[in-house]
Amino acid sequence: MSETRQTTDDGQTTDSELAGGASASPGTDQPLEVTSGETRERTREEWVEHEFEGDAKLSVSDLDVYYGDDHALNGVSMEIPENSVTALIGPSGCGKSTFLRCLNRMNDRIKAARIDGSVRLEGEEIYQEGINLVELRKRVGMVFQSPNPFPKSIADNISYGPRKHGDLDTGLLANLLGRSDDDAVDELVERSLRQAALWDEVQDRLDDNALGLSGGQQQRLCIARALATDPEVLLMDEPASALDPIATSKIEDLVHDLAEEYTVVIVTHNMQQAARISDQTAVFLTGGKLVEYGDTDQVFEDPQSQRVEDYISGKFG
Amino acid sequence: MSETRQTTDDGQTTDSELAGGASASPGTDQPLEVTSGETRERTREEWVEHEFEGDAKLSVSDLDVYYGDDHALNGVSMEIPENSVTALIGPSGCGKSTFLRCLNRMNDRIKAARIDGSVRLEGEEIYQEGINLVELRKRVGMVFQSPNPFPKSIADNISYGPRKHGDLDTGLLANLLGRSDDDAVDELVERSLRQAALWDEVQDRLDDNALGLSGGQQQRLCIARALATDPEVLLMDEPASALDPIATSKIEDLVHDLAEEYTVVIVTHNMQQAARISDQTAVFLTGGKLVEYGDTDQVFEDPQSQRVEDYISGKFG
Amino acid sequence: MNVLPNSDGAGLRAAARRGLRRGRDFVDETPPDALVTVTVAAVSLLAAFAGFLAVSSLTAIPFAVFLVATGYGWLRHQELTARVLTLTTTVSTILVLGLILVFIFAEAWPTVQYATVNVFGVPIPGLRLFIETRWSPVTPPIQYSLVPMIHGTVLVTIIATAVAAPLGVAAALFLSEIAPRTVRELVKPGVEILAGIPSIVYGFIGFTILSPWAADQFDIVGQGTYLFVGIVVGLMALPTVVSVAEDALNSVPESMKSGSLALGTTDWQTMTSITLPAAFSGVSAAVLLGVGRAIGETMAATVMLRGSPGLTKPLYNVFYGNATLTSLIAANYGDADGLQLSALFVAGVILFVTVLFLSIGSQYIEARMRRKLGGAE
Amino acid sequence: MAGATDTALVSEDTSETEAVAAGAVGLAAVLFALSLASVFELVTITDPVAGVPMVALLGGLLVVLGFAVVTFGVGSRLGYVATDPRPTAGLLASGTFGLIWFVVGGLVASQTLGLGTAGWVVASLVTGGAAFAVSALPREDIGSTLPAGALAVFAGVVFLTGVIGPSWLWDLGWEQQASFNAEFTIPVLTAFCSLLVGWAAAKAYGGFGARGRHIGAYVLVYLNAISIIALLFLLVAFTVLKGLPGLFKGLAFGAGAGPEVTLVGVTFSLPVSWPFVMNGVALLNDVNGVLPAIVGTIWLVVGAVLFAVPLGIGAAVFITEYADRGRFTQVVEIATNGLWSTPSIVFGLFGLTFLVPRLGNQKSLLAGMLTLGFMLLPLVVITSRESMLAVPDEYRDASAALGVTKWQTVRSIVLPAALPGIVTGIILGVGRIAGETAPILLTMSGGVAPPGSQTVDVLGGFQLQYAPPFVTNPELMQATSALPYQLYSLITAGVGQSSNIGAIDEFRWATALILLVVVLGFYAVGIATRYYFRSKLQHE
Amino acid sequence: SGQSNPEADAPATEEEETDAPETTTSTPEETTESSAPQMLTAEGSSTVYPIANKGSSYWNSNAPPSDGEYWGSTDEATVPGWDEIETDLRLADYFASLYGFEPTDTQANPPFATSIGLSHSGTGCKSVRDGLVDIGNSSGPITAELGISESKAEENYVDHVVGRDGQPVVVSKDIYDAGVTQLTGDEVKQIYQDEITNWSEVGGPDQEIYVVGRAEGSGTDTSFRLNMLGSADASMEGVDTRKGQNQQVATVVQQNSGAIAYMALAFTGPQVLPIGIEFEGTLYEPDKDAEHTIFDSDYPLNRDLHQYTTITEDTPSGTDMREAAFINMFLTTFGQKLFVEDNNYIPLPTKDIESQKSKLPSQA
Ligand SMILES: Nc1ncnc2c1ncn2[C@@H]1O[C@H](COP(=O)(O)OP(=O)(O)OP(=O)(O)O)[C@@H](O)[C@H]1O
Ligand SMILES: Nc1ncnc2c1ncn2[C@@H]1O[C@H](COP(=O)(O)OP(=O)(O)OP(=O)(O)O)[C@@H](O)[C@H]1O
Ligand SMILES: [Mg+2]
Ligand SMILES: [Mg+2]
Ligand SMILES: O=P([O-])([O-])[O-]
């Protein structure tokens, strides 16, 4: 594994070259009638270049996704720095979720999806033969738009991942043989719930069914569940869209804190939220194109693209 | 729910008066105890008084709606002037749709709903024994949030209402008896579609299935369908929420035109939209309370309630 | 399928009051001639039904009146007539179940009474049907024991379930979770079509191919084994189990499966730990449905079994097959009369009640699971 | 904690050890296929295959396979093979192995060594306990390979040494005699062992752990799916093959080849003569057929549909559109579900006691129609209800908002939108009742092999009269034949010997085939309809 | 007679076990202006079935006399009993015309159609009692089948005997081949009473005996118990399986090894082989050339094959014209040869034919 990590630099350089090539001639397949109220404008290469210190945790180059004939992502290239929050914004249907799901290959679950291009996790290509999907998804965790706890107890929800990975053993047999990891489980559950700022609310009912929690609690439980497997990257697809303001602000705080240890990529449709919590922001616009990517402050205060400016100022979307 | 958050985004946008709200840091702290992010404040009576010339088309007084134990509307009173556009805005779940559905007793269709209070249509109480619901709904038409054309041809969709009311007779029997109203139907279809600004787009395919239309066209078809029964009042529940910007602006124009002949009451989550198209605006806040009602300009430029101001400037919702 | 609301007296009284009020409102609001029409239709239909029950040749007259009344109502008061007619059809559906209950119980009663045993002076009707083991409807001493048939039915059902349940659930897992889309799209309708193979065809193949083969392999005297009837019935129930269980597995929300996969679990772990438990109610309903089919399966058993009621020796000897409740009826209804025919109805009652309980049980499981899962359907 | 099981993100190309495991899986598959072939008597166990008697071959392969798997497990334990095993094979595997070895120990002790009850119980407990311990205590690589491999080796040795040889016979010694012979036992044991070892090898191939269990389970699930599909396919193919000769006997084309029919007053000859479906059984026929049964089946279905569909749809309309959700709808739901699972023979009994005495006191077509109608009713209610519930409430709201009454809404909006589902449900239900034998056995069965002249003519049978019951139809009041019943009587009664049918076996299979065609035809149409409507809906 | 009456609203007569059938004669036949007589229906004995059914198919085919094949011979001159017939009418036309029915002169369209149901004697007797069919076929006397007295039977039913059966005991081919070609009456009795359970006890191979019986209530069962076991209520503990019809028994014996069964002559065959039975020192053999055979009238299991009709208000003679026309066909030389003897049954002697014919109404 150490070898593969060393190749990161090479990977990066190639990526940026590729990215340049990709955005060189994007205007050709622009549809004639612009139905979504956007002005015609050609995306410039430099708009999507984002300089940062350190290595890229994830680097995406020339990613194209098709659902059948539908071109959902169109030549997207971007590099995501480590231990930071990257926000993806854009109007509905512009491919944010699609992009996110490409990063841990959850798009494999969609039969109609066809994916071209390359995504590297610490320099290692995840779209290659022989990739261990299970391992990949352990390292790149995901939280979905609507909370989806398992119909199990709260504690079981948290310990589910590690248990299935064999890190924890609490079965009947393990108990009989006296090698049960019950204490480790308890500890893990507490730590994960604390990280997800849920511990105080649920500590007395860890054995209750998770479906009995409120929406916001469920969503934080899902975050805790993802954290329990100790991923390096955390993908979040509109994690707060189904929540009330209080729950939302808790999640926002949480995301902020997580960025110290994890690489967080978050999709949101709420521009204020993006502005509040992210270090860098990527703006997708209709047609599955990444139009602008850069420091959050810069993107919101001084967008380079006119369309992005229109979008941010609420003229459409 | 997601819509309201977009509202927040929109709250920061082009309206020059709101610019202050937009540039203000969005992370304004809110008191923790108030779950919906509102400050405590008592609604004053004068905030909901709206003076206008002429008679009220609809007058609502002391309307309370309960869904089981859930108090969805709380003592709402307001008068709606004739031939104007009244916008209802407010955060998700505040009872806008409930209020609207009370105006043509569509709430009767919800088994759990219990309604107290009075609604008068041109002075006539609609919550009284012996009211003819069919007649009421003919006079108070309704357009729903998501377009819901019947799976029939475009022409049949339009003529459905009048035909069922017996105003038109085009059945086999009628044809045999030689008193078919085919011409009347054609005329009605054309007139309604023209009113809904859809005629030009669909005149060549009136016999096609309405489900083949685009979302925006479908929504205008639904408006045309409602107009075909020649109502006096038109209730619209977020008619543009499922539509793209172009379609939205068409609907907005249409609403504007309709107000010359009809009394339009429209629910929207898009404050800019409310500001653009309505003559007066009613703001509902959590708890099913009508907090402010008045001239649209006044409500948006100089709200009397602090909570309404917070809401409009995107601090919550 | 539904959540039983808690039934307390107050609720019932309130419901009754509501019903009364609604009834009064209805009478108040309805135009008198519509009311008359509906009343005439209802009364004449009732009369027709009574006539039919009483085997009267005059049945046709009230029925004609009913037709005329509804015809008039349809033209003049369609709204009301439609409502009343659909209510009538609903009542008839329930009535069919009621009539089945009443008639087969009534027919079964003479034998139940005949088989009364006094236990400590308390007469227990029908007990002798279950404590004797000899079925001898003609040769004295006449005994109508159903024990051999119940034994046969139980054996066949156990074997059939052992075949259909694990294989069916595994196949359903394959179809809904594992199979590539093209395979799934071909196989799923195929399996559904196979659910329609008439049982007499299975019986035919069992009778001509399987039974002789089994007699040969296990060196048994004569043909007809519970083992192979069970296997055939299991195969017959298999498509049903697969199809219903597949639907249940498929209805587990994708978000739940994705949630598990996104944590880095294998497909198999997701299936066993998330999908199957979440679909448990549907899958068990599928299995119960299969068990119901197995219990009620008639023709394969009739054709393949020996048809001579008796217990196998030893009791777990599945290489012999005598009769099941269903095959008893099918093989003997033609020859039977009097108490023997009535005894066949007792067999019918047992079948009916058992399967009805299974059906209600599976509905209950499903309702409970749905409640437990909350919104997760 | 994480990192404890960290594995490489990308696995290298297939390693040699993996190839060994894959080879073992393949060998197990070959062995399984061989044993199936001998169960179906394609080869007998004494036949030489490649110069070796089948028994020896099976035994030898089992030994090889067993050793291969055990070697792999041990190699993994000793670290020669890179795998990712769990600390234990798990309760399910251990329990299963314990149980298997419990049985093996018991059988060896009681049958081979001839020990008494106490003896075999002790032996069983010892072997079973040992297998459980070997499976549960060591790491997964040993725990899941050793007991399986040992079993295969044991079975192989038993076959090779002739302890279970071709002439082996185990009389169970039951009062009603039954015994296992070698021809059955050897292939079945081989199949079982190859499944077990194949599973262990597949686990080994996946390197044990989560991935190994995944692969092991998938091997079994795939095998199960393939077997089921193959079996059911064989079943149909077999019937078709056997039935075709009889079905098309005497088929002829050409102008005027077929019988004369009269349609709307015009009489003409059909251009095709298909004796099996155009004739009954009669002396003067060259080829006998089942026309009366086909027509009887069609009328049965028509009658049942005419009875059940209006009732069922009406009931569904009431409970979805009019009734409040409450006790009443619950009762209807329970009743319909209960009716749906009621055994068909019970419907037959009901028809026998309720309908037959009331309809002329004899078995009749009408009684059969109504009985099948009762069976169809719950399905119509259930499917109609489901498809009406699936009609979006928006339609109803939209219609109500236009000031349209409820019944008008139901008629113009709900029913048309629900129609595809209803139609599909009805067709599937018809498929089911068309193949039912038991109910018509009790309520309708007429002649067993009627001549073509006794084909029912329901339409021609109606007569009007001035006294009640005004309309009569003797044809409805008479028993006729139907395909399932005809097949039943052909099978069990051995009818034919005295019915001039001739090639009775051919005739029976042809009858089975045509029944299959009719019933599966209904199903195929029903399912195709559903797919058609579904794709159409999705498209829009 | 008790013909079926579709529109009749007769209630079930289940409770009237022994009474005369309450057949409904108030038929609306007058209102139905159907010119064709109703179909003749028969139901019952599987033993009589081959006779009745073969007769029925000949009848329904209504072949022309030129088609000698369907009169039972390739050439009309060799048709058995042709000299009695000598007609140029079709088959059913001829026999029906004897009782006043108009010939149709069309193939497959007799003056009235016939339909024969297959079950067993008990059912046949009950059906004719309840008026469900015109003719009840039975291989046992109706008195035994319905449990009624001789006089009651004579009061209500007319018994037409159309042939005789010498009930054979059969074994499966393997047993026959192993040398069991004859048994004594006692041995058979012991086998059926579970006292002999292995073929080795009667000189056969060491194999369990698969004892096949007929359904209780069938004529064959009744006669077997009566004539072989000595009483109609004799116990039959040894029976492994019971089948409803002779045809089923034949199939079972054919498909199984080690089987023994009792049945009717028409169902024996190369796989279902009748064996000789020794009663009190006399061996009755299946071979027709032997000194004593199972076709002899003194063979203890010899029995009459009946077709019962009912006496009603409409047909006080008990036999209406359709029934007479059909039954008469069997009581001719032609019928006895084709339908009785060709089915391996025993034809009636001439004097019995005469006495049977005398029960029929006079011919037109
Ligand atoms: N499973 C799918 N099959 C086919 N097309 C899909 C699928 N999922 C998404 N799409 C299409 O791909 C495009 C991008 O979808 P995506 O869900 O990525 O958008 P998004 O930016 O997440 O939008 P939203 O804000 O609504 O979630 C859309 O046009 C959508 O219709
Ligand atoms: N059918 C119903 N049964 C029970 N409660 C309901 C029902 N419909 C609405 N409610 C509740 O009533 C309250 C008001 O709902 P309503 O739909 O009127 O809000 P809204 O302002 O239209 O919200 P949105 O912007 O989300 O459409 C909410 O709390 C909602 O949960
Ligand atoms: Mg998305
Ligand atoms: Mg709303
Ligand atoms: O002649 P039987 O069928 O009644 O034996």
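Residue positions begin at 1 at the first shown residue.
Every residue gets a Cβ built from N, Cα and C, even glycine.
TrEMBL labels come from automatic prediction, so no person has curated them.
From a predicted model like this one, the values you see are computed outputs, not experimental measurements.
As recorded in TrEMBL:
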- D:19-40: transmembrane segment (TRANSMEM)
- D:52-76: transmembrane segment (TRANSMEM)
- D:88-109: transmembrane segment (TRANSMEM)
- D:115-134: transmembrane segment (TRANSMEM)
- D:146-164: transmembrane segment (TRANSMEM)
- D:184-205: transmembrane segment (TRANSMEM)
- D:217-241: transmembrane segment (TRANSMEM)
- D:261-284: transmembrane segment (TRANSMEM)
- D:294-526: domain 'ABC transmembrane type-1' (DOMAIN)
- D:296-319: transmembrane segment (TRANSMEM)
- D:339-357: transmembrane segment (TRANSMEM)
- D:364-382: transmembrane segment (TRANSMEM)
- D:509-533: transmembrane segment (TRANSMEM)
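Within the chain, the transmembrane segment (D:115-134) has long-range Cβ neighbours (under 8 A, six or more residues past its boundaries) at 94-95, 97-106, 108-109, 142-143, 146-147. Most Cβ pairs within less than 8 Å of the transmembrane segment (D:217-241), among stretches D:52-76, D:184-205, D:261-284, D:296-319, belong to D:184-205.
Annotation: stretch D:146-164 has the most Cβ pairs under 8 Å to the transmembrane segment (D:52-76), among D:146-164, D:261-284, D:296-319, D:339-357, D:364-382. Proximity of distant same-chain residues to the transmembrane segment (D:184-205), defined by a Cβ-Cβ separation under 8 Å and at least 6 residues beyond the stretch ends, is recorded for 18, 21-22, 24-25, 28-29, 31-32, 34-36, 38-39, 45, 55, 58, 62, 65-66, 68-69, 72-73, 76, 83, 100, 141, 144-145, 148-149, 151-152, 155-156, 159, 164, 168, 170, 212-213, 215-216, 218-220, 223.
Note: the stretches the transmembrane segment (D:364-382) and the transmembrane segment (D:296-319) are in contact (3+ CB pairs below 8 A, sequence gap of 6 or more). Residues 115, 119-132, 134-140, 143-144, 147-148, 151, 154, 196 of the same chain lie 6+ residues outside the transmembrane segment (D:88-109) yet bring a C-beta within less than 8 angstroms of a C-beta in it.
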